[in-house]
Amino acid sequence: QDKMLVPLISKGFQHQFWQAVKAGADKAGAELGVTVTFEGPDNETQVDKQMDMLAAALANKPVAIGFAALDSQAAIPLLRQAQEAKIPVIAFDSGVDSDIPVALASTDNVAAAALAADKMAELIGDAGKVAVVAHDQTSRTGVDRRDGFVNRMKEAHSGIEVVAIEYGGGDHLKSTEITKALLAAHPDLKGIFGTNEGSAIGVVNGVRELGSKGITIVGYDSGKAQTDAIREGLMAGAITQNPVGIGYETVKAAVAAAKGEAVSANIDTGFYWYDKSNIDAPEIAAVLYE
Amino acid sequence: MSERGKVMSIKETRRGGAQQKLWAFASLIVLVAGFSLASPNFFQVSNIMAILQATSVNGVLAVGVTLIIITGGIDLSIGTLMTFCAVMTGVVLTWAGMPLLLGVLTSIATGALCGLISGTFVAKMKIPPFIATLGMMLMLKGLSLIVTGTKPIYFNDTPGFSEIAQGSLIGRIVPAFPVPNGVLILFIVSAAVAWILGRTVLGRYTFALGSNEEAVRLSGVNTDAWKMAIYALAGGICGIAGLLIASRLNSAQPALGLGYELEAIAAVVIGGTSLAGGRGTILGTLIGALIMSVLTNGLRVMSVAPEWQTVVTGAIIVAAVYADQLRRGRAG
Amino acid sequence: MSERGKVMSIKETRRGGAQQKLWAFASLIVLVAGFSLASPNFFQVSNIMAILQATSVNGVLAVGVTLIIITGGIDLSIGTLMTFCAVMTGVVLTWAGMPLLLGVLTSIATGALCGLISGTFVAKMKIPPFIATLGMMLMLKGLSLIVTGTKPIYFNDTPGFSEIAQGSLIGRIVPAFPVPNGVLILFIVSAAVAWILGRTVLGRYTFALGSNEEAVRLSGVNTDAWKMAIYALAGGICGIAGLLIASRLNSAQPALGLGYELEAIAAVVIGGTSLAGGRGTILGTLIGALIMSVLTNGLRVMSVAPEWQTVVTGAIIVAAVYADQLRRGRAG
Amino acid sequence: MSELVRMQSVDKRFPGVHALKAVDFDLRPGEVHALMGENGAGKSTLMKCLSGVYQPDGGRILIDGAEVALPTPKAAKDLGIGIIHQELALMRDLTVAQNIWIGREPRLSFGRIDEARQNADAAAIFQAMNVAMDPRAPVSGLTIARQQMVEIAKALSYRSRVLIMDEPTAALNDSEIAELFTIIRKLRAEGVGIIYISHKMDEIRQISDRVTVMRDGAYVGTVEAADTPISAIISMMVGRELSDEAVRIPDLSGAETALEVRALSRGRELKEISFSLKKGEILGFAGLMGAGRTELARAIFGAEPPERGEIRVHGKPVTIRTPSDAVRAGIGYLSEDRKHYGLALGMDVRANIALASLPRYADRLGRIDEPQLAGIARDYIARLSIRTPDDRQEVRLLSGGNQQKVVIAKWLLRDCDILIFDEPTRGIDVGAKAEIYRLLNDLAAAGKAIIVISSELPEVVRLSHRIAVMCEGRLTGILPGGASQEQIMALATAREGMTVE
Ligand SMILES: Nc1ncnc2c1ncn2[C@@H]1O[C@H](COP(=O)(O)OP(=O)(O)OP(=O)(O)O)[C@@H](O)[C@H]1O
Ligand SMILES: Nc1ncnc2c1ncn2[C@@H]1O[C@H](COP(=O)(O)OP(=O)(O)OP(=O)(O)O)[C@@H](O)[C@H]1O
Ligand SMILES: [Mg+2]
Ligand SMILES: [Mg+2]
């Protein structure tokens with residue numbers, strides 16, 4: 001009767017990042033002639049809410065499902081249910097501890113954050129104090145980006161000390177206040193890493209409100225405020241993933257799996273460092289979103 | 001004749017009372033009927049089970065907090081307390097490798113103890129319930145993260161743990177009706193609390209405290225002790241909710257829980273319990289919790305855009321309570 | 001002699017009242033002193049300004065919701081309403097390119113209108129404030145996302161917009177004391193609301209409604225209309241908070257706002273306003289909001305681990321209110 | 001003579017209660033028209049219909065001969081109808097003056113309230129009433145009697161043409177009542193029509209011109225007060241004659257002491273109070289408003305524990321810090337403020353009666369024996385003739401006097417050895433009053449020790465075996481039973497500095 005249904009259960013939907021994933025998914029949906037729905041909980045702690053969403057999505061008898069797991073194990077019983085109903089599952093953004101998903105479309109957040117660490121080190125001359133304003137203490141992305149950054153500093157940049165890690169929930173205003181407190185606590189701070197869009201903008205804001213000079217800010221993800229800050233020179237640069245690509249590849253793999261075609265198990269959608277110098281380069285501009 | 005007239009009209013009042021619940025139930029029926037018409041996938045056994053399962057955790061929390069709300073208090077810590085109970089269960093079962101039963105008892109005991117502490121804040125130290133339980137909420141939130149080292153604790157080494165919420169005793173007997181154990185537990189807890197409220201001294205004092213605490217105190221009742229008992233009982237029920245969510249997720253997620261208090265309190269109020277205290281029913285709370293999860297699930301099954309889901313949920317909650325109000329207005 | 005005695009005891013009561021505020025203030029002083037001793041970086045002009053600035057948004061929200069709490073109600077929608085006001089300002093300023101003043105008026109008018117709607121739910125439709133404003137909260141949350149298409153609206157094209165909260169009129173006059181405008185606005189709003197509460201008919205009815213609504217109605221006052229006015233006023237104040245946050249972030253962030261209500265209500269209750277209604281002060285609310293932001297900032301400056309920050313915050317909130325309670329117990 | 005108000009066959013039903021059955025009533029300008037009837041007869045309901053609080057289900061209301069609709073309290077106020085409600089309707093967090101002028105605040109520009117004028121106006125009213133009251137005092141700190149004064153002042157402030165007073169004197173003592181009557185007479189002379197409801201029969205004689213009697217929601221008749229004996233009015237009310245007995249003082253010389261209070265003190269309210277009470281004795285407490293009797297009772301009961309002093313029960317010293325300590329020691333206290341301290345208004349009659357005795361009717365699981373409680377509740381409903389459709393009716397829907405009976409039933413069921421009754425007959429009709437007097441005597445005869453606090457001197461005299469008198473927090477003397485009212489008043493006004501034998 002209707003078009004094929006491919007629901008995507010993500011980790012959120014309100015943030016720019018997820019909206020970009022959705023845009024990519026919608027694009028693939030239009031090209032491939034399938035109906036794509038996109039949904040996620042309000043924040044990345046709500047593991048059981050996500051399961052209720054997954055359950056509701058399964059009730060609609062989709063041909064395939066895209067799933068960005070908040071917890072690597074919690075959803076396994078439901079995924080088994082999908083498997084029994086012969087609904088292929090494509091994992092995106094974060095995988096699960098199970099071989100049920102036929103593919104994973106994601107960014108290597110650890111490696112991406114390590115790149116941010118390298119860039120930060122380069123910018124501050126491989127010595128001094130830095131801090132992290134992270135968006136979450138427990139979610140996969142929050143932990144990976146924090147650890148990727150901190151561990152890289154420990155391993156490769158012994159002159160740099162990560163003096164503080166605070167969590168602002170990705171809330172712009174909270175991250176702003178955190179940044180101001182960090183700068184008060186560590187007047188000699190040389191750099192701050194914000195682990196997602198809200199955190200990064202918060203850092204920029206805090207620095208701007210205090211009028212501090214000489215703080216190197218490295219961000220993550222894009223969005224207009226972040227690209228503006230980079231153009232203005234307030235932010236040194238940022239890591240961007242390819243969220244549009246993640247959404248696009250997820251739906252494409254889902255449709256292929258539904259049709260019984262082979263899909264590659266690992267779809268790495270990549271990440272990029274962008275700053276003032278390459279922000280307008282076509283390959284970067286293609287993965288940035290506003 | 002006048003006597004007869006009185007008796008008749010009393011019966012009418014009684015009927016009115018029953019109708020009242022029937023009417024709240026009617027909102028639920030209207031929702032279910034509407035969604036069933038709108039999507040063929042809604043009224044399927046598996047989806048109904050999913051809705052019931054989704055109600056279980058919030059329902060148990062709501063039943064617990066109903067007790068406190070009837071006393072005229074409020075408990076903001078229920079969400080993080082649930083999480084903390086789950087975490088302590090994880091410590092006992094996974095880290096210490098104790099047997100399942102001990103884990104279950106730990107969860108309930110942890111809940112009761114924390115409830116008792118909140119109760120002490122409120123009854124003995126005269127801290128307003130809002131602040132006492134807000135403080136508790138923050139402390140428990142932090143403690144869950146500290147105890148776990150911010151990582152989830154998985155229950156893979158405890159066979160049967162996931163059966164607590166996800167298995168189906170009923171399904172084994174009546175395979176066509178695979179009601180998950182979580183739902184069974186919700187109904188058992190509800191029945192038990194309804195019994196306590198309706199039949200026991202504790203229940204009577206729960207209502208009396210909410211109705212006029214000073215009058216109860218001046219009747220020679222040790223109101224402080226009873227209040228603490230009620231908070232402890234509600235805490236123990238949060239412990240059960242902690243077991244349910246841990247079993248559903250097969251893990252104790254330390255960061256979960258914030259925001260659950262609002263949802264549970266909303267279910268209670270939709271169910272007709274007054275935040276001013278003194279009145280309320282467990283049946284109403286159950287219906288309130290079901291209305292919330294039917295709404296959420298139904299809108300999802302209908303593939304309504306998430307931002308519109310929020311708007312529609314808000315509007316329907318207001319409308320449902322308004323319908324209830326209209327009916328009451330007509331009766332009174 | 002007895003007459004003199006009476007007059008004396010009235011005076012004492014008055015003094016008691018003043019002392020009460022002084023004591024709440026004492027908690028704040030203790031906190032500030034403690035943090036100053038613990039870290040040399042705490043008591044610096046720039047950090048104090050940061051604390052004040054951090055108080056501005058929450059403080060304005062708290063002042064607004066104080067009004068509603070004094071009537072015996074509650075408003076859960078303040079956080080998302082603030083966001084919605086910011087969004088509408090963005091629509092008027094950035095999308096429609098209107099002049100700054102119109103944006104400011106839009107924000108306040110949007111807030112007042114939504115407050116009026118909540119007030120109508122509560123006063124006319126007799127929906128309990130908790131549910132009415134919970135519904136409003138959800139609807140506004142959804143609407144903000146829908147209006148913006150989930151994208152932030154930036155105010156880059158409106159010169160001077162970021163000055164609303166971030167500039168410093170005082171700093172221009174007294175350069176050593178660069179109090180941000182946001183803080184100035186907080187104090188102006190507080191003074192205005194304190195004036196309304198203490199001196200005007202609206203304020204009088206705010207207290208009267210919370211004290212005994214039925215008695216007010218029996219006195220021939222159109223309680224519904226006044227209640228709606230109070231909700232509208234509180235909504236308008238949320239509009240001011242919306243301007244402040246939009247100005248600070250130089251954008252309207254549609255997903256923000258949830259959770260801000262709890263923080264604001266906590267500030268109100270810490271400030272000594274009773275959730276039962278009838279009593280409360282704006283000064284108390286201000287102190288409550290300051291206690292919250294001093295606490296948050298101080299623990300961060302001291303580099304306490306984030307999970308411990310939560311625990312300590314919870315404990316100190318309980319302790320501060322307990323100290324207040326102890327003092328009251330001694331006085332009364 | 002033209003008519004101010006005429007109510008014709010007014011009908012009102014509540015769920016389960018036919019409260020008004022085609023009641024007629026009329027009021028002329030410049031008269032005091034007393035409305036009499038037993039508790040629950042429908043007096044307050046009729047007046048609420050006249051003041052726009054309730055909408056009658058049938059009948060007409062005419063003002064100055066023209067039919068009117070009274071959809072809201074405000075509509076009634078606008079027509080010049082003022083009312084003092086039986087149940088105090090004050091805003092406890094506001095001051096006295098703010099309560100009086102609520103809805104009519106004198107305004108300055110910008111919606112500002114002219115507090116100074118408001119306070120001055122309120123002070124003027126109190127001055128006219130001859131009552132010392134600080135207009136700036138918060139109402140929550142006032143005793144119930146003083147709150148009643150505020151209600152009266154508020155009603156007076158309206159300068160209504162029709163003034164309804166629903167049991168204004170229930171909480172007042174004689175001198176205050178006398179002041180009130182002076183005011184009423186002045187208003188009557190100005191042509192105001194006053195509807196006066198009271199259960200105090202002697203007042204009817206003093207103040208009223210005509211008397212209308214209701215029974216069971218129906219109109220019984222209207223008579224001229226001057227030429228109808230009280231006994232006739234009473235028999236109209238209750239349908240039979242009541243006999244009034246004088247106090248019989250039993251010989252208690254051999255009785256054991258049940259309660260002994262030694263040098264009880266707290267702040268300025270209670271100063272070194274000592275007395276003792278024997279088993280089987282009724283000790284009356286008299287005093288002017290604010291004399292400290294309620295404070296004393298609350299101190300003994302542990303509601304607000306005393307700072308110094310000793311309490312002995314049956315010869316043994318007891319420590320009472322909370323009411324539950326007191327009840328455990330066998331002391332019960334019936335508060336003067338039933339609404340705030342006596343009843344769980346939202347709960348039913350049965351639950352309220354059982355409130356203080358629940359554990360006794362529960363098994364080990366804490367399960368309540370409802371059938372037994374139902375039997376007990378019905379028993380008390382019959383014994384105290386509490387007018388209620390059944391024992392599951394919410395107490396807040398009962399008439400004021402019947403609410404009071406529920407509180408009494410609660411303490412009777414608790415069966416304490418020592419009972420303190422603070423204004424036990426407030427708002428109770430003559431028939432029931434006689435019933436309660438008999439009950440107190442029976443309790444005493446059964447060996448209970450009883451303290452009765454009352455602001456009605458005749459009641460104190462009629463009941464007490466001995467009479468303790470307080471003034472400004474001191475016990476100024478204890479008189480033997482049957483003492484004259486003059487003797488009591490002398491002690492009640494014996495202020496510090498004077499010595500009393
Ligand atoms: N809102 C109500 N709902 C149900 N019943 C009511 C309500 N108000 C009054 N009643 C009943 O109506 C009857 C008349 O009550 P009303 O208060 O008029 O009596 P009353 O004559 O003033 O008695 P009292 O002398 O005790 O004050 C009583 O039986 C009472 O229980
Ligand atoms: N005129 C007054 N001004 C201020 N406070 C008063 C006044 N009258 C009474 N009070 C308060 O009430 C206390 C004593 O009142 P209490 O209620 O014990 O007296 P009572 O003898 O029971 O009189 P009643 O109950 O008839 O008012 C006083 O100590 C005081 O606190
Ligand atoms: Mg009456
Ligand atoms: Mg008294």
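Even glycines carry a Cβ here, placed using N, Cα and C.
Sequence-remote contacts of a segment are chain residues at least 6 beyond its ends whose Cβ falls under 8 Å from one of its Cβ atoms, and for the transmembrane segment (C:48-69) they are 75, 78-79, 82, 129, 165, 178-180, 182-183, 185-186, 189-190, 193, 197, 206, 210, 230-231, 233-238, 240-241, 244-245, 248, 260-261, 263-265, 267-269, 271, 273-275, 277, 280, 282, 285-286, 288-290, 292-294, 296-297. What TrEMBL records for C:48-69 (among others) is transmembrane segment.
The list of residues near the transmembrane segment (C:76-96) in space but at least 6 beyond its ends in sequence, with Cβ under 8 angstroms from a Cβ of it, reads 57, 61, 64-65, 102-104, 106-108, 110-111, 114-115, 118, 130, 133-134, 136-138, 140-141, 143-144, 147-148, 153-158, 161, 234-235, 238-239, 241-243, 245-246, 251-261, 264. Sequence annotations record features per position, and here TrEMBL assigns transmembrane segment to C:76-96 (among others).
What TrEMBL records for C:102-123 (among others) is transmembrane segment.
The transmembrane segment annotation in TrEMBL covers C:130-149 (among others). Long-range contacts of the transmembrane segment (C:130-149) within the same chain, counting only residues at least 6 positions beyond its ends with a Cβ under 8 Å from a Cβ of the stretch, are 74-77, 79-81, 83-84, 87-88, 90-91, 114, 117-118, 121-122, 252, 254-255, 257-258, 261.
Same-chain residues lying 6+ beyond the ends of the transmembrane segment (C:184-207) with a Cβ under 8 Å from its Cβ atoms: 55-56, 59-60, 63-64, 66-67, 70-71, 164-165, 169-170, 216, 221, 223, 226, 229-230, 233, 237, 240, 244, 278-279, 281-283, 285-286. What TrEMBL lists as transmembrane segment is C:184-207 (among others).
The feature transmembrane segment is assigned by TrEMBL to C:228-246 (among others). Tertiary neighbourhood of the transmembrane segment (C:228-246): same-chain residues 56-57, 60-61, 63-65, 67-68, 71, 73, 75, 78, 81-86, 89-90, 103-104, 107-116, 118-120, 122-124, 155, 161, 164-165, 182, 185-186, 189, 193, 196, 202, 205-206, 209, 252, 256, selected by CB-CB distance under 8 Å and a gap of 6+ residues from either end.
Per TrEMBL, the feature transmembrane segment maps to C:258-276 (among others). Same-chain neighbours of the transmembrane segment (C:258-276): 20-21, 24, 57-59, 61-62, 64-66, 69-70, 72, 74-80, 82, 137, 141, 210, 283-289, 291-292, 317, 320-321, 324, counting only residues six or more beyond its ends whose CB sits under 8 Å from a CB of the stretch.
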Same-chain residue ranges lying at least 6 outside the transmembrane segment (C:102-123) that approach it to Cβ under 8 Å:
73, 75, 77, 81-82, 84-86, 88-89, 91-93, 129, 132-133, 135-136, 140, 158, 161, 164, 223-225, 227-240, 242-243, 246
